[in-house]
Amino acid sequence: MKVTIVGAGNVGATCADVISYRGIAGEVVLLDIKEGFAEGKAMDISQCATTTGFNTKVSGSTNDYSKTAGSDVVVITSGIPRKPGMTREELIGINAGIVKSVADNVLQHSPEAIIVVVSNPMDTMTYLTLKATGLPKNRIIGMGGALDSSRFKYYLSKALNKPANDIQGMVIGGHGDTTMIPLTRLASYNGVPVSEFLSQEALDKVAADTMVGGATLTGLLGTSAWYAPGASVAYLVDSILNDQKKMIPCSVLLEGEYGQQDICLGVPCIIGKKGLEQIVDIHLNDNEKALFAKSADAVRNMNADLKSVLV
Ligand SMILES: NC(=O)c1ccc[n+]([C@@H]2O[C@H](COP(=O)([O-])OP(=O)(O)OC[C@H]3O[C@@H](n4cnc5c(N)ncnc54)[C@H](O)[C@@H]3O)[C@@H](O)[C@H]2O)c1
Ligand SMILES: O=C(O)C[C@H](O)C(=O)O
C-alpha cells in the first residue's frame, strides 16, 4: 500500500518515520515545495532501515506529484505551524490556499485516495478539502481527535499516577484551544470511571490542560509539536490501510449527527479501508451537548472565512 505525505516538515517527516518503522505501508512518498527537502528527509529515514529493521520504501519529491501516483492514502501536513502566543485559527489565511492547491494536485494522480487533513486550523481545512474536491465524506478525514485524546490520556495518567495505556478516554469537538471537549465523564482506568479516583477539581484541571496541550508545547518548543502529532496520523493511517476499524475521534462531515449539519467536527468514527465507515453517535449529557453546539458555532464562524478561497 502506498501513502503520500505532502509537507515533509516536522509532522510530515515524523509521520513517515513512524509509518516506516512500524511497517504500516509498503511505500511512503514525502513531497515538499522546498527544493531537496523531502528527498533529504526520505533518505535520512531510509537509512534507519537496517538499524530499526523495516522494509518500507521511502522516497522524496520536490513538488513533482507524478511520484505520488496511485496512493491509497494522502496526508496533508503542508502549511505553516503556529508560534507561541498564536491560535491555530490565525493560520487560516496562508494555509487555506496551500491546502486547496495540494488537494487538487494529489487527486490528479491519486483519484481514489483517502485524504487525511492535518494542517491547521484543521476542522476548517477538512471542510475546505471536502467542499473543494467534492469527494464523498468517507474519503476526507481530519486528524485532531486522535492526538487530543492521547494528550487527554497523558494528563489523566499523570493525575492518576497510572500508566497511560491503562486509561481510556476521548476528546471530541473542534481541534482548538477553546473548542475541544475532553469527555471526562466517560474516561476510565481499566473500565472503572476515573471519577472514582479523581475529584471534580482534578478532572477539570485535566480537561483544561488537555485543551491547551498544543499551546503548552508550542510555548516550550517555539513551534508546534510533532512527535505525538506524527504518531497520531500514523495511527489513523494504520486503521485505514490495515482495515482495523478502530474507533478514533476524527473531524468528518456531520449530516444531522450530534445535531449538526454542513460542518466537519470531531466525533467518534469507525475508521477502516473505506476511510470513515461509521459515525458513532454516543449519548451526550446536556452539558456536553451545549459544549458541542458552542464548539460547532466557533468552527462554523471560522468556515465562513473560507468564502474567498472556495470561489
Ligand atoms: N491536526 C493536528 O493535530 C496538527 C498537529 C500538529 C501540527 N499541525 C499542523 O500541521 C501543519 C504542519 O506543521 P509542521 O510542524 O510540520 O510545520 P513545518 O513548517 O515543519 O512543515 C510544513 C512543511 O510544509 C511545506 N509546504 C508549505 N507549502 C507547501 C506546498 N504548497 N506544497 C508542499 N509543501 C508545502 C513546507 O515547506 C514545510 O516543509 C501546521 O499547519 C500545523 O499547525 C496539525
Ligand atoms: O498546537 C498546534 O498548533 C499544533 C497542533 O494542532 C497540536 O495540537 O499540536
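The backbone N, Cα and C atoms fix where each Cβ goes, and this holds for glycine too.
Curation plays no part in TrEMBL annotations; they are all automatic predictions.
Source: prediction; values computed, not measured.
Residues annotated as domain 'Lactate/malate dehydrogenase N-terminal' in TrEMBL: 1-142. Residue counts for the domain 'Lactate/malate dehydrogenase N-terminal' (1-142) by DSSP state, with H, G and I taken as helix and E and B as strand, are 68 helix, 28 strand, 46 coil.
The NAD(+) binding site annotation in TrEMBL covers GLY7, ALA8, GLY9, ASN10, VAL11, GLY12, ASP32, ASN95, VAL118, SER119, ASN120.
Counting Cβ atoms from all protein chains shown, ASN120 (NAD(+) binding site) has 27 others lying within 10 Å of its own Cβ. Marked as substrate binding site by TrEMBL: ARG82, ARG88, ASN120, ARG151.
TrEMBL lists 147-301 with the feature domain 'Lactate/malate dehydrogenase C-terminal'.
When other Cβ atoms within 10 Å of the Cβ of HIS175 (active site, proton acceptor) are tallied across all protein chains shown, the result is 29. Feature annotation from TrEMBL assigns active site, proton acceptor to HIS175.
A Cα-Cα distance of 9 Å separates ARG82 (substrate binding site) from ASN120 (NAD(+) binding site). For ARG88 (substrate binding site), the recorded positions whose C-alpha atoms fall inside a 10 Å radius of its own C-alpha are ASN120, HIS175, out of GLY9, VAL118, ASN120, HIS175.
Sequence-distant neighbours of ASP32 (NAD(+) binding site) (same chain, 6+ apart, CB under 8 A from its CB) are VAL6, GLY7, ALA8, GLY9, GLY12, ALA38, LYS41, GLY60, SER61, THR62, ASN63, SER78. Of all Cβ atoms in the shown protein chains, 25 besides its own fall within 10 Å of the Cβ of ARG151 (substrate binding site).
In this view, GLY7 (NAD(+) binding site) is surrounded by 26 other Cβ atoms within 10 Å of its Cβ, with every protein chain counted.
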